[in-house]
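*Asks:* For reference, the structure I am asking about is given below.
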Amino acid sequence: MKILLVFDFDNTIIDDNSDTWIVQCAPDKKLPIELQDSYQKGFWTEFMGRVFKYLGDEGVRENEMKTTMTSIPFTPGMVELFNFIRKNKDKFDCIIISDSNSVFIDWVLEAANFHDIFAKVFTNPAAFDNNGHLTVENYHAHSCNRCPKNLCKNVVLVEFVEKQLQQGVNYTQIVYIGDGGNDVCPVTFLKKNDVAMPRKGYTLQKTLSRMSQNLEPMESSIVVWSSGVEIISHLQFLIKE
């Protein structure tokens, strides 16, 4: 009987946003105004597609992007948390559900040698095309009106848990570790035994505290964290229970 740990990536595993971090590769480390202004709410993946095309057109190559991406710092205590999880592999399964992309996440996990921690990574698929440009696609289509059109993290989580159940894997509880607005949807569907772990001072935590003030029902418990070391403490408590 294992606990399922669900991680967001940007501002959770890494201490920044990978999509905005990559702008350091651009000339003068900034995007042209008309490109910045082309973003439409809910269509971030399409916007990033244009950013990657711009970087490619400006001669930014894969190795330069990789060097930049792997210089992103991990969030405090995250390395310690992953080492703790690795030592307790028999007790946890880990997945990532992220609105970043597969290339960025692979680079970061490989560089730090943490790929083996995660059973699955659910994110927008990305690849370099024949021109050396990074291209990105939407992860899936869904009908949830609370989430950006390319990714509903709740749909992904529910499908994963159901698939695991079909293969005889039943989780005692889910611990969801995240920070952003797109983590609100999956967190509100967690059950009584589950744990929502929002990062202190970020959108998810602020939204959950507003919801509790409005007396909107939430079944799971909420444990706020600032460092991965605090997450370790809570996981130690859960596996002792």
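Heads up, residue numbers simply count up from 1 along the chain you see.
The backbone N, Cα and C atoms fix where each Cβ goes, and this holds for glycine too.
OK, TrEMBL features for this one:
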type     : residues            : note
BINDING  : Asp8, Asp10, Asp179 : Mg(2+) binding site
ACT_SITE : Asp8                : active site, nucleophile
ACT_SITE : Asp10               : active site, proton donor
BINDING  : Asp19, Asp99        : substrate binding site
*Asks:* Validating a neighbour-count step here. Other CB atoms within 10 A of the CB of Asp8 (Mg(2+) binding site): how many?
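*Replies:* Other Cβ atoms found within 10 Å: 26.
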*Asks:* Quick one, of the binding-site residues Asp10, Asp19, Asp99, Asp179, which Cβ has the fewest other Cβ within 10 Å?
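*Replies:* So among Asp10, Asp19, Asp99, Asp179, the binding-site residues given, the one with the fewest Cβ atoms within 10 Å is Asp19.
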*Asks:* Centre the Cβ atoms of Asp8, Asp10, Asp179, go out 8 Å, and tell me which other residues of that chain have a Cβ in range of the Mg(2+) site.
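*Replies:* What remains near the Cβ centre is Phe9, Asn11, Thr12, Ile13, Ser98, Gly178, Gly180, Asp183, Arg199, Tyr202.
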